[in-house]
Amino acid sequence: MENNLENLTIGVFAKAAGVNVETIRFYQRKGLLLEPDKPYGSIRRYGEADVTRVRFVKSAQRLGFSLDEIAELLRLEDGTHCEEASSLAEHKLKDVREKMADLARMEAVLSELVCACHARRGNVSCPLIASLQGGASLAGSAMP
């Protein structure tokens with residue numbers, strides 16, 4: 001299949017791109033993928049460039065780019081706008097680092113709460129539940 005990616009029906013195209021047909025239609029509605037002309041009395045056909053474009057979208061999504069950001073990257077895809085693409089990637093990297101810092105804070109708080117749960121004795125209420133109910137400030141410190 002890899003060696004002949006021209007003149008594909010939407011089902012074969014979706015399979016070649018590693019997505020389902022509804023994803024193809026969704027990308028078309030969002031303007032991420034052009035809908036090919038439909039010859040009179042026939043069906044639309046897709047080619048290798050379409051497969052490449054969908055793979056681009058999926059790769060960008062795996063890196064955390066939103067569909068709007070991907071649309072902007074696609075606008076720059078001729079390769080001559082490296083500075084603009086780099087700027088978008090730097091912004092995404094900043095977002096990822098902020099999320100990682102938030103996750104590290106959440107991990108620290110949850111770890112502390114789990115330890116507190118294991119250390120509790122007797123009829124003392126659960127520190128995790130108490131924290132989530134506002135009885136302690138630990139849970140609040142996990143979120144920015």
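Just so you know, glycine gets a Cβ as well, placed from its N, Cα and C.
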- Query: Between 10-29, 70-89, which stretch does Swiss-Prot give the note DNA-binding region?
  - Reply: 10-29
- Where among the binding-site residues Cys82, Cys117, Cys126 do you find the Cβ with the fewest other Cβ atoms within 10 Å? Cys82
